[in-house]
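Annotated substrate binding site per Swiss-Prot: Trp15, in sequence order. Here Swiss-Prot flags His45, His49, Asp51, Glu169 as Zn(2+) 1 binding site. The Zn(2+) 2 binding site annotation in Swiss-Prot covers Asp51, His157, Glu169. According to Swiss-Prot, the feature active site, proton donor/acceptor maps to His55.
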Amino acid sequence: MIDISRQLTPSHPNWPGDAPFRVKPGARIAQGDSVNTGELCTSTHTGTHVDAPWHYSETGARLEEVELNRYVGRCRVVTVRAEGGLIPAAALAGLPKRLPPRLLLHTGQPAHWTEFPEDFAALDPALIREAARRGVRLIGTDSPSVDPLTSKTLDAHHACLETDTLILEGLNLAEVPDGEYDLVCLPLPLAEVDGAPARAILLPAGTLPEGEG
């Protein structure tokens, strides 16, 4: 099993302008309480997280309306590199004509962020459309977003909407060899939200029962 989730620490940098990640101490045994507790505050797009379609479309599905099994099943991890800030469709040129339903892109982000990586590699919408033509219905990246930091049109997000492709961002793929795996990605079961942090792991391909697509 390989954990591909980013560890959330007190200094974890969120998207500029988003609510910062923090855990406020609550009860403390050392202060005479019977338990230790904490109050969690964070953006819905902290660390490893999923984007529900409602994040980028007013008529898109909220997280609870997305079938959980779409985040579970066979995937392929591929190392890619950006050209002019975007991962081009040509990055898929050497891959099979038919791909697993889930494609995870290792763009070179480190395992841990000490500051927000503003120059991250985003995805060319043409890559998303080409991946969809090859059977991909979930695209993941180790970058904090599929679109550039300064994008206002969110072309990659809308290419995902157009092709019914789900989005998984902020993965930790630093130590993951390219190849096929079984993905288990479980977003927090939050209602009426545009996304949620998720715990994502990779298992050897074929670990999950047949039928977990």
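Glycine residues also receive a Cβ, built from the backbone N, Cα and C atoms like all the rest.
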Local Cβ density at Asp51 (Zn(2+) 1 binding site) - other Cβ atoms counted within 10 Å: 24
Those binding-site residues of Trp15, His49, His157, Glu169 having Cα within 10 angstroms of the residue listed as 'active site, proton donor/acceptor': His157
His157 (Zn(2+) 2 binding site) and Asp51 (Zn(2+) 1 binding site), distance between Cα atoms, whole Å: 9
Neighbourhood of His49 (Zn(2+) 1 binding site), C-beta criterion under 8 angstroms, separation at least six: Leu168, Glu169, Gly170, Pro187, Gly195, Ala196, Pro197, Ala198
Densest Cβ neighbourhood among His45, His55, His157 (recorded positions), 10 Å radius: His157
Residue among the binding-site residues Trp15, Glu169 whose Cβ has the most other Cβ atoms within 10 Å: Glu169
DSSP three-state assignment (helix, strand or coil) for His157 (Zn(2+) 2 binding site): helix
Between His45 (Zn(2+) 1 binding site) and His157 (Zn(2+) 2 binding site): CA-CA distance (Å): 14
Shell list (Zn(2+) 1; ref centroid = CB of His45, His49, Asp51, Glu169; cutoff 8 A): Thr44, Val50, His55, Pro144, Ser145, Ile167, Leu168, Gly170, Gly195
